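Shown next, in structure tokens, is the structure this report addresses.
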Ligand code: ADP
Ligand code: AMP
């Protein structure tokens, strides 16, 4: 199964992608997580990406496309993958089409998680992320069992640099300007499945399962 999780920052893409990844047994590929790993490991790619990310701007397409290409060629992607946070621009979607075309494969569906702006701001301002495995929590809506500690791996939870109010507002604006046009791009191909992204994490997961191609 080859899926794309689409939606505004904070719509719940990562939260749902992790669940779907376990359910389907295919890797969860988050370009945001990959970039943050590069920053942590002080790679050249991480240095190039950091200033864009801290401001809530998009990292240039060529950097992102190169990174995704390498990842999709890894053997664990053979039976599918869940892309989260990619593609985010029309040129990225075109690059993804070329990559998949060269590999002789196609996307099965694109899920758009729809959440109102006020809810996005509430979700992002309380988000805490695991330094080790990238799992996402919320201090009120989805708290860890022990404050500051990841339920999954015991890693330390932290607040992302780009979850400040200023960066969040910029990320929402960037989403509307550069990423939203992809809705039409994938609707035209018949791949887009719109999902109500409000309600509990379990409810939304149920909606996604009900919309999986082939009822998997
Ligand atoms: P994205 O990957 O789209 O940026 P996340 O999955 O990191 O979004 O979710 C953003 C924040 O919202 C996190 O703090 C997460 O715990 C919280 N969250 C996710 N789904 C829900 C939900 N259904 N209701 C309330 N909060 C949620
Ligand atoms: P995310 O973890 O998906 O919220 O992404 C965090 C930040 O990483 C974004 O605000 C961008 O700066 C950068 N980023 C992640 N994915 C992409 C992408 N596909 N294209 C450009 N920038 C990206």
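Each Cβ is built from the backbone N, Cα and C atoms, and glycine gets one as well.
Around residue 127 (ATP binding site), the same-chain residues six or more apart in sequence whose CB sits under 8 Å from its CB are 10, 136, 137, 138, 159, 160, 163, listed in sequence order. Look at TrEMBL and you will find 10, 11, 12, 13, 14, 15, 127, 136, 137, 199 tagged as ATP binding site.
Secondary structure counts, DSSP: the region 'NMP' (30-59) has 22 helix, 1 strand, 7 coil. Residues or ranges marked as region 'NMP' by TrEMBL: 30-59.
Around the Cβ of residue 31 (AMP binding site), 22 further Cβ atoms fall within 10 Å across all displayed protein chains. According to TrEMBL, the AMP binding site annotation covers 31, 36, 57, 58, 59, 85, 86, 87, 88, 92, 160, 171.
Taken from TrEMBL, the feature domain 'Adenylate kinase active site lid' covers 127-162. Long-range contacts of the domain 'Adenylate kinase active site lid' (127-162) within its own chain (CB-CB distance under 8 A, at least 6 residues past either end) are made by residues 10, 14-15, 18, 30, 33, 36, 40, 53-56, 168, 171, 201.
The Zn(2+) binding site annotation in TrEMBL covers 130, 133, 150, 153. Around residue 153 (Zn(2+) binding site), a 10 Å sphere centred on its CB holds 12 further CB atoms from the protein chains shown.
Note: the Cα of residue 12 (ATP binding site) and the Cα of residue 86 (AMP binding site) are spaced 14 Å from each other. Classification of residue 153 (Zn(2+) binding site) by DSSP places it in coil, neither helical nor stranded.
In this structure, residue 14 (ATP binding site) is part of a helix by DSSP. Only 31, 59, 86, of the binding-site residues 31, 59, 86, 130, place a Cβ under 6 Å from an atom of ligand 2. Long-range Cβ proximity for residue 88 (AMP binding site), meaning a same-chain Cβ under 8 A and a gap of 6 or more residues, is found for 31, 58, 64, 178, 179, 182. Close to ligand 1, meaning a Cβ under 6 Å from one of its atoms, are these of the binding-site residues 12, 31, 133, 160: 12.
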